[in-house]
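A.B. asks: Submitted below is the structure of interest, expressed as structure tokens.
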Amino acid sequence: MHAKLIQCLIVLALAAFSGQQSVLEGLIKTFEDGQNQFDMEPPDLPENEMKKEYDFIVVGAGTAGCVLANRLTENPDWSVLLIEAGRPENYLMDMPILANYLQFTAANWGYKTEPSNQFCTGMDNQQCNWPRGKVVGGSSVLNYMIYTRGNRRDYDNWARLGNEGWSFDEVLPYFRKVENFTVPEYQNPRYHGTQGYLSVGYAPYKTKIADGILEASQQNGLKHVDYNGPTQVGVSRLQVSMRDGVRESSSRAYLHPIRHRPNLHMKKFSMVNRVLIDPKTKRAIGVDFVRQGQTFRILAKKEVVLAGGAINSPQLLMLSGIGPKKHLTSLGIPVVSNLKVGYNLMDHIALGGLTFVINETYSLRTDKIITTENLKLYLNHHKGPLSVPGGCEVLVFQDLANPGDPDGYPDMELLFEGGSIVSDPILRRDFGIKDDIYDVVYKPIDNAETFMVFPMLLRPKSRGRLMLKTDDYRTKPMIFANYFAAKEDMATIVKGVRLILNITAQPGLQKLGTRLHSIPIPQCAKYGFGTDQYFGCMAKHFTFTIYHYSGTCKMGPSSDKRAVVDPRLRVYGVKNLRVVDASIIPEIPAAHTNAPTFMIAEKGADMIKEGLGL
């Protein structure tokens, strides 16, 4: 798909009669920039230049790993080896509109949940697709660039669970440290930073659908807010990790500026298959990794830091003998530390496919927006509809339990897209929607102007689990998402649908002729389209992950029997081993988890420095 898309861009450029030279120049610049970006990353170190020992080994060059590599190499006396299983990032990955397409490239691990009859029942084999970034920059290269921190209560709750140092007032400085915030109307030094590595602001383009959504939401009683400020309840355009219309991944933000630091070495296309632990001292002493079938052993003087994310970090811990004793023993893995690794799996999910038809030609249809004119505009100026992050445009946050409280604790997010499943054929493949359902429900509106809204559950009660299938690092782990195990999760999503219907009934959207697409899913028709039971059935069929997997190496005090790491992110029972990524999250915040992961990495880097007297 990636190659075909590039070919499509070239064909469109060659087919242009007017301004042809400008388009071709833009395409040439795109490919040159792609090569330049390859050169902008730290180089892939040849094996014969690797040291036998480094001060730190960071496993995973994703959102957290890039931050850690940057901050730890600030000390010129420390050597750091950053190991990444995936490939380099390139410029085309950073074109915002292409976010949907990246799942069909080698940059995606391509995980799937175990089949279930309780969720994703309208998906192929009743499995949910779980994309994860296998690329320098990790999932910050695959995501939709949405930057939300969550509510202050999220982090105060972490502290109340016994995680000293993780209250909102204590993590806020790290959120500020991350940011180079560029939204003029929300400049506020208490909440926002302007000196950080990561550029955060608005996308340079919005549709007239977005204007209608903003207007209708305010007509429904929601205020326009900075949801990364003191309160979250309200409506806003997306704040995104984007610089001048280009995706700002953790690699672009944190690795590119330091690529020449001599104390940072990097290995790409290299899969760590075991953390080496001294059986007598219970101390992490290094790692084994595999590249092109050859195994290499590298030692760590100070610490091994896992930053592989909520799937790869627990997988690696268990392969290394750190995890539930019964589970590891059943696979013949010697147990080093008996911990609840893989438990507490959390995610944000939404009812997918809720589609609205409009009368105006405003939607982001790929057959309409990938034009010579728009290509020229983006390639030469990074503006226009190709700069919209995967089609996402507006967020609404609401506390459904206390809808009149402007300082409420949101349990529902509405994610508005300027197109829908029929606007971009790749979307149905992203989620794996069954052909027979698509043909009945959506094919009749294939050519319509539409937009889509996801009611996203912000504070799920359900918890899942990740388990090893074998003791082979090449075998993907089993993912038991366990969505809707808690009945209140379903009830909250249905309430979110009602909020959507109230907003879309307001004049701001009705002037576009907005109406809900009402062909029912055949398996749900018995409940009557529009009833709570129908929307509950729809949520079971179209259970859309928002890609916020977290919690599988839970942070907690020693009294928490499910904790894997302590509040300083050190693995219980093993010295010199930390986990610094979204897997340590004890309770998922009311946020898209990329921003909290940046914060965790910044704070984790400081904890490592403090532990060594800096």
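Cβ coordinates are placed from backbone N, Cα and C, and glycine is handled just like the others.
Pasting the relevant annotations from TrEMBL:
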- His548: active site, proton donor (ACT_SITE)
- His592: active site, proton acceptor (ACT_SITE)
- Val135, Val272: FAD binding site (BINDING)
- 133-156: domain 'Glucose-methanol-choline oxidoreductase N-terminal' (DOMAIN)
- 309-323: domain 'Glucose-methanol-choline oxidoreductase N-terminal' (DOMAIN)
- 1-20: signal peptide (SIGNAL)
A.B. asks: Pick the one among the binding-site residues Val135, Val272 whose Cβ has the fewest other Cβ atoms within 10 Å in this structure.
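C.D. replies: Output over binding-site residues Val135, Val272: least Cβ neighbours within 10 Å is Val272.
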A.B. asks: How many of the residues that make up the domain 'Glucose-methanol-choline oxidoreductase N-terminal' (133-156) does DSSP mark as helix, as strand and as coil?
C.D. replies: 8 helix, 3 strand, 13 coil
A.B. asks: Measuring C-alpha to C-alpha, could you say which of the recorded positions Val135, Val272, His592 are within 10 Å of His548 (active site, proton donor)?
C.D. replies: His592
A.B. asks: State the non-local partners of the domain 'Glucose-methanol-choline oxidoreductase N-terminal' (309-323) in its own chain: residues 6+ outside its ends, Cβ under 8 Å from one of its Cβ atoms.
C.D. replies: 59-60, 62-64, 85, 109, 111, 130, 132, 138-139, 272-277, 333-342, 345, 466, 468, 471, 473, 477, 479, 549-553, 564, 571, 573-574, 579, 581-583
A.B. asks: State the Cα to Cα distance, in Å, between Val135 (FAD binding site) and the residue listed as 'active site, proton acceptor', rounded to an integer.
C.D. replies: 20
A.B. asks: Look up His548 (active site, proton donor) in the DSSP assignment and reduce it to helix, strand or coil.
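C.D. replies: DSSP call for His548 (active site, proton donor): coil, neither helix nor strand.
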A.B. asks: Ten-angstrom check, please: count other Cβ atoms within 10 Å of the Cβ of His548 (active site, proton donor), all chains counted.
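C.D. replies: So the number of other Cβ atoms within 10 Å of His548 (active site, proton donor) is 26.
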A.B. asks: Show which residues of the chain containing His592 (active site, proton acceptor), separated from it by at least 6 in sequence, have their CB under 8 Å from its CB.
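C.D. replies: When sequence neighbours closer than 6 are ignored, His592 (active site, proton acceptor) has Asn143, Ile146, Tyr147, Thr148, His348, Ile546, His548 within Cβ distance under 8 Å.
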A.B. asks: Count up the helix, strand and coil residues in the domain 'Glucose-methanol-choline oxidoreductase N-terminal' (309-323) according to DSSP, in that order.
C.D. replies: 11 helix, 2 strand, 2 coil
A.B. asks: On the 0 to 100 scale, where does the mean pLDDT of the domain 'Glucose-methanol-choline oxidoreductase N-terminal' (133-156) fall?
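C.D. replies: Value for the domain 'Glucose-methanol-choline oxidoreductase N-terminal' (133-156), mean pLDDT as a whole number: 98.
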